[in-house]
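Going by Swiss-Prot, these are the annotated features:
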- Glu174: active site (ACT_SITE)
- His250: active site (ACT_SITE)
- Cys369: active site, nucleophile (ACT_SITE)
- 19-28, Asn110, 137-138, Arg214, Asp252, Asn363: substrate binding site (BINDING)
Amino acid sequence: MKHFEVNFDGLVGPTHNYAGLSYGNVASQNNAKEASNPKEAAKQGLRKMKALTELGMTQGVLAPQERPDLATLRRLGFTGNDASVLAQAAKQAPAVLAACYSASSMWTANAATVSPSADTQDGRIHFTPANLTNKFHRSLEPEVTGRILRAVFNNDRHFYHHQHLPENDHFGDEGAANHTRLCRAYGESGVELFVYGRSAFDVSQPAPKRYPARQTLEASQAIARLHGLGDESAVFIQQNPDVIDQGVFHNDVIAVGNQNVLFFHQQAFLNTASALAEVRTKFGDGELHFIEVPTAEVSVQDAVKSYLFNTQILTLPSGEMAIIAPTECRDNPAVSAYLTKLVTLGTPIKGVHYMDVKQSMRNGGGPACLRLRVAMNDTELAAVNPACLITDSQFARLDGWVDRHYRDSLALDDLRDPALVMESRTALDELTQILKLGSVYPFQR
């Protein structure tokens with residue numbers, strides 16, 4: 001039986017825009033109110049997916065959410081037909097309208113937390129959609145995220161789908177962006193690292209002062225319980241509050257892991273030595289590489305600006321590892337110099353591939369934000385909805401679909417246009433047929 005990791009990337013939705021909705025996400029705030037290019041954003045994402053298949057990887061795709069979320073606008077008191085709801089919201093609450101138009105579901109690292117069958121008590125892959133309570137625009141996602149995941153992983157024998165955690169900041173959960181897994185091989189049991197920003201029920205614990213800690217210890221513990229992870233399979237590590245206050249809003253902005261490699265910044269964690277000692281103990285026998293990037297070589301500011309740690313580390317079919325990095329890493333002198341050195345250090349990472357995902361980067365999401373990792377075996381892969389796996393023909397279908405339905409410019413003023421609602425629904429209705437998802441969207445039900 002073969003074992004591997006499959007990346008399921010989020011397809012950028014037709015309403016991709018720069019509204020600066022994410023407080024604590026420096027790039028999102030810095031690019032607020034610029035015009036976006038939804039067509040180019042979607043194509044950049046698709047090209048990244050296609051590039052990974054060309055490296056020999058199995059690559060999946062997850063559909064975007066229906067936006068605007070008119071049901072939420074109506075729940076907030078805007079009435080009448082769709083055009084009337086948009087006009088009222090644009091006039092009375094433009095920030096709320098922008099939030100209900102957000103295409104943030106493209107960052108599928110926040111879609112869910114996934115535990116592979118090698119780690120779970122019942123031998124199934126477990127999924128829990130993230131509740132994303134900390135940001136209003138993202139808190140609208142979990143219900144439909146769950147539907148999409150069930151349509152992609154639609155086999156009770158191999159996949160177990162949980163409801164998202166209670167919708168309260170005490171159990172604030174941001175999904176796989178604060179979770180990584182270390183293992184000797186994908187098919188062997190591993191150690192799942194849950195990184196949290198604060199404890200909700202013990203306010204004596206350290207917490208950031210400037211920006212919010214979006215993930216709580218209690219949420220991470222609940223996910224581990226739901227997924228049936230034993231004590232030997234889970235490590236809970238607090239993120240350094242000081243780096244959250246410097247714009248590190250998720251752990252995947254300051255650390256990333258794959259198999260027996262943990263790649264992280266010197267300032268990433270609060271009690272680094274004890275945390276890594278626990279990881280090493282629970283990892284057990286076998287080579288384990290901790291690659292710590294010193295502040296003297298790459299500052300936190302450069303790490304955030306370039307998204308050095310929001311890269312993907314892939315194990316290629318050859319067995320060597322490679323980093324998928326945004327072109328911003330190549331353009332940053334300190335980060336570029338570090339990556340050039342990294343591939344010579346004798347770790348499993350032997351190459352770096354740069355990819356252009358600028359439309360996503362300007363909204364605060366790099367290559368790792370755009371993907372949800374699922375470690376699986378070939379039997380489990382055979383149970384995945386095949387229309388949600390990228391092949392040459394499916395790539396061509398999706399690329400053509402983007403050409404037919406997406407605008408090449410979207411400004412905040414355009415969000416009041418009722419035609420955008422129909423364009424988006426027409427596009428998504430066709431997409432559910434291409435991806436064979438069934439009726440996952442509210443307008444289809």
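One is the number of the first residue shown, and numbering goes on along the chain from there.
Backbone N, Cα and C atoms are what each Cβ position is placed from, and that goes for glycine too.
Projection of Swiss-Prot feature records onto the structure.
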| residue | record | DSSP class |
| --- | --- | --- |
| Ala19 | substrate binding site | coil |
| Asn110 | substrate binding site | helix |
| Arg138 | substrate binding site | helix |
| Glu174 | active site | coil |
| His250 | active site | coil |
| Cys369 | active site, nucleophile | coil |
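Proximity to His250 (active site), defined by a C-alpha to C-alpha distance within 10 angstroms, is shown by none of the binding-site residues Ala19, Leu21, Arg138.
The local packing around His250 (active site), expressed as other Cβ atoms within 10 Å of its Cβ over all shown chains, amounts to 30.
If you take the Cα of Glu174 (active site) and the Cα of Ala19 (substrate binding site), they are about 20 angstrom apart, rounded to a whole number. Recorded residues Ala19 (substrate binding site) and Cys369 (active site, nucleophile) have their alpha carbons 18 Å apart, per Cα-Cα distance.
Cα spacing between Asp252 (substrate binding site) and the residue listed as 'active site, nucleophile': 8 Å, rounded to the nearest whole number.
Per Cα geometry, Asn110 is the residue among the binding-site residues Leu21, Asn110, Arg138 nearest to Cys369 (active site, nucleophile).
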